[in-house]
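Worksheet: the structure to be examined is printed underneath.
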Amino acid sequence: MHLNVPFPILRWSIRHLMTRSSQTCSWRRNYSFYRDEVKSLRAVVNPDISKIRNIGIMAHIDAGKTTTTERMLYFSGYTRAFGDVDDGDTVTDYMAQERERGITIQSAAVTFDWKDHRINLIDTPGHVDFTLEVERALRVLDGAVAVFDASAGVEAQTMTVWRQAEKHKIPCVCFLNKMDKPAASLRYSLDSIKTKLKANPILLQIPIGSGKSFTGLVDLITRQKMTWQGSSLTYDGHAFETSALQPSDDPDVLQAVSEARATLIEQVADLDDDFAELLLGQYSESFDAVPAGKLQEALRKVTLARKGVPVLCGSSLKNKGVQPLLDAITAYLPAPNERNHDLVRWYKDDLCALAFKVVHDKQRGPLVFVRIYSGSMKAQSAVYNINRNGTERMSRLLLPFADQHIEIPSLSAGNIVLTVGLKQTVTGDTIVSSKASAAAAVRRAQQEAESKSSSQRESSSLVLAGVEVPEPVFFCSIEPPTLAKQADLEHALNCLQREDPSLKVRIDPDSGQTILCGMGELHIEIIHDRIKREYNIETHLGPLQVAYRETILQSATATDTLDRTLGEKRHVVTVELAVHALMESSTSCDVTFEEEVKTQLPAVVRQAVENGVQSAYLQGPVLGFPVEGVKTVIQHVSLEPGTSAAMVSACVSRCMLKALKLAGGQVLEPVMALEVTVGEEYLSPVLADLAQRRGTICDIQSRQENKVLLATVPLAEMMGYSTVLRTLTSGNATFSLELSSYEPMNTQEQNILLNKMAGLA
């Protein structure tokens, strides 16, 4: 049914819904559709699945992700003015902390239309402390735009997010941003994509001019020249001049286009056999005569198969090259129905969706971001959460526009939607329409497995894969200002943990203190700031501490007997076990039973023994940090009838502690991979400083005018490094840190740490 609503009323009603639902922000933005086209509400809300693009923008910090997103929103008609990261008025960076610091902290979703396509776009953070935000966004996206600073090429965090995209098999398009910078280099950027990302870049555009004289692009597929005129102060980039290349144009440009297009055709032919056959058949006399449409089709196939990545260039800040990037997103990145999700065929037309993010709204409570894989979602309906084994009712559905939302009655497969009313759902939960539909999907999966005569392993789980949460590396205590605020602090931490699975909160068993565990200094600082602003609690943070690990140096055997009478019951257990050090690279902890013991023990007792071993692994023999790289072999267990499982676990834990102490403890410290980009004149003081921090230099590379220093440094030595680096280089250096591995500490450093922890240093 089409609603024939006059366009001004339609536009007013949508704007009214948006501004009414914007509770948390004082500024308002208007959504405008194409001025010459009136769409029905149904077309606005539920576009055809082949016209949907779910994409993410990912890059190293400061490459221009948020600015690129802002320009996309402006050129698509969603915003009436440019948002600027430096001015703190961007749509996607709407948190107070993001606006003050000029960085993205939370991934933000925006929905907009480009030509006849619906684009659901997620702007992700670039800082390594918020890697999980990128991970969970990529988990539900179909394609990604990797943004590069054209003067720096591939940087440290770019490699991390690229690996994440590869893990989820996501097709990508590359955008070389900042072509207006004096040091921008197309050739350098392409080489770094090849060498560092091991990708196959396919150049689709070449720039006209470079640095400040960068005025336009030539599209190699269509041989169209696009030029943007005027200064950035007066010219918004909305209109640009498009014309076919003429023989009278600059000979250097014509030569460069001819060579680059020949390379492009050759690359695509190498990667797509059908296109190669077409060239050798119909266009064997002149490869250059191949139509743009055929080349585009082949390029799309290559991109979707992840054999190559299209590369475009421009300058988001100067409003150049963003419209062709939007065209490339719709032309080369996949629609939701072009991505192969096994689960979807088992659910058929029933609802199957994944909750991938939770945010807390003061008025509405928890808002859950959901990606719909099959079926459709309706407001005021009940859904079944497979992970929590419970039914919940959704009160409303909203289309996300950063922190503003439009209420909608229903949404179909392939879309990203915001739900209100799901109180129990957390990141990584699979949502279906009912328990019966999940059971029906199980039956279909089993029938398919039987018909293929294959194992039924794939049908055993009808849950969409969630998100792998990295282990925290920093922790510190957090205390409320008064005991009366303790309950409020616990509520705030519960809400923040639901929003951010990489934040861990635990209670110290010895001191009773609340411990915050996070991904880095900035992560914990932001959490502290959010508790103060959003929950109005002035908390006190203890000193930042490093999350060490422990292992053992040799094998050891121990025996322990527990004999205790509780009430009228006597509990007697005797345990004998051995602990062995695994290979250095191993981070796991195993527990095995000798064959004779395994056959004698009932399943309940075996479980109790395993629980005892696992609880002992949580507290090592040296400093009480978790243990890794240890194998435990249970050699003998005997117990008298009536002995409880809890007593068995307690005896095993005590025996484990004895064995671990006999085996000799070794502290493992987190070692970070450090990348510093610095001018050559400041290289010596930076190297000298790293030597004092027990750093090991791996490589020194050249990047244009700068040097890139690759090193490994213990995390304990990196506290407050950003301030020191700024001082040493007069603010002319940037750095990024990422957890590399856990390495054994030398004896001298371990003794210093032990004295420090004991309060003797």
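Placed from the backbone N, Cα and C atoms, the Cβ positions cover glycine too.
Database features (TrEMBL):
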type: DOMAIN; residues: 50-337; note: domain 'Tr-type G'
type: BINDING; residues: 59-66, 123-127, 177-180; note: GTP binding site
Near Met179 (GTP binding site), which residues of its chain come within a Cβ-Cβ distance under 8 Å, counting only those 6 or more away in sequence? Ala150, Leu186, Pro207, Ser210, Phe214, Cys313, Gly314, Ser315, Lys320, Gly321
Around the Cβ of Ala59 (GTP binding site), how many other Cβ atoms lie within 10 Å? Please give the count over every shown protein chain. 29
Given the model, what does the mean pLDDT over the domain 'Tr-type G' (50-337) come out as? 85
